[in-house]
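Below: the structure, in structure tokens.
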Amino acid sequence: MTDTRKSPEPGVKLRAADKVARIPVKIAPTEKPLRKPAWIRARTHGSPEVQRLKRVLREQRLHTVCEEASCPNLGECFGHGTATFMIMGDICTRRCPFCDVAHGRPEPLDAEEPENLARTIAAMGLRYVVITSVDRDDLRDGGARHFVDCIRTTRAHSPDIRIEILVPDFRGRMDVALAILNEAPPDVFNHNLETVPRLYREARPGSDYDWSLDLIQRFKETHPQVPTKSGLMLGLGEEMHEVEAVMRDLRDHGCDMLTLGQYLQPSLHHLPVKRYVTPEEFDRLAEIGYAMGFSQVASGPMVRSSYHADQQAQKVIPEG
């Protein structure tokens with residue numbers, strides 16, 4: 001039967017059931033979610049500092065992945081005056097069923113965003129910032145030029161800042177994207193594999209495991225002095241031997257830093273949590289990671305790719 005549903009108008013956000021309606025592996029709403037164990041905790045989001053930072057972001061028309069992806073650490077990070085900025089809008093062209101960012105047809109890029117971002121970062125007095133983005137498959141360069149504009153403008157306003165970028169996979173656009181990023185390389189290059197290859201069709205429709213590994217390797221070959229980073233979420237049904245295999249693949253492709261955290265289901269329409277990985281298992285994976293040669297491993301139930309990113313980078317980036 002032909003699917004006659006129309007694509008949403010630009011700017012219309014699809015979430016939950018609407019977002020995952022057309023992915024290859026269908027997801028039935030979760031009826032009985034697993035009970036969260038005692039080690040899964042997150043602070044509330046109602047502190048004055050959290051509310052102040054949210055106001056600043058709205059005034060500057062900026063977005064954070066902390067809010068859009070419903071990160072459980074939002075209260076802690078915002079409470080310390082730090083955030084991971086999400087550029088190029090808050091609508092993603094992908095439909096990954098683990099992610100709470102909305103799907104749809106994005107609006108055109110905001111030409112004022114690099115300046116607004118740079119001024120906000122300078123006003124906050126940040127010394128380390130993470131800049132990430134939604135997937136923009138509608139752009140010929142995947143958004144690489146906008147990343148470079150944001151990096152350059154931020155450095156112009158804050159010359160001593162360290163910038164980590166958490167990039168999409170630039171599907172079908174790797175050559176042009178990497179060529180553009182060469183103009184203003186970040187201080188840390190991060191691209192998340194998210195899960196083991198067996199679960200890609202279900203968890204990362206539209207993405208390719210080997211493509212993502214190649215992206216990390218090619219950036220590292222061009223910029224050997226820039227630390228590379230990737231992350232996995234656990235609890236989607238992967239086996240530990242598969243996780244270790246991915247870790248080995250990352251090392252073989254030049255990845256220096258690793259984050260491992262527990263997947264938490266954003267809504268009943270997202271992928272269910274199959275298992276809560278214990279803190280002891282996360283500690284063991286960290287030991288394995290260091291034995292493999294990773295220079296920095298952050299592994300724990302509440303760890304996220306950008307969580308305490310400044311502290312993760314301290315051991316890797318030499319003081320300038």
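Just so it is clear, glycine is given a Cβ too, placed from its N, Cα and C backbone atoms.
Here is what Swiss-Prot records for this protein:
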BINDING   C66, C71, C77, S306  [4Fe-4S] cluster 1 binding site
BINDING   C92, C96, C99  [4Fe-4S] cluster 2 binding site
DOMAIN    77-295  domain 'Radical SAM core'
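All chains included, 29 other C-beta atoms sit within 10 angstroms of the C-beta of S306 ([4Fe-4S] cluster 1 binding site). Excluding C92, C96, C99, which define the [4Fe-4S] cluster 2 site, the same chain contributes R94, R95, P97, F98, D100, V101, H103, V134, D135 within 8 Å (Cβ to the Cβ centroid), listed in sequence order.
Taken together, the residues in the domain 'Radical SAM core' (77-295) have a mean pLDDT of 95 on the 0 to 100 scale. Under DSSP, C92 ([4Fe-4S] cluster 2 binding site) is assigned to a strand (E or B) in the three-state scheme. Using a 10 Å radius centred on the Cβ of C99 ([4Fe-4S] cluster 2 binding site) and all shown protein chains, the other Cβ atoms total 24.
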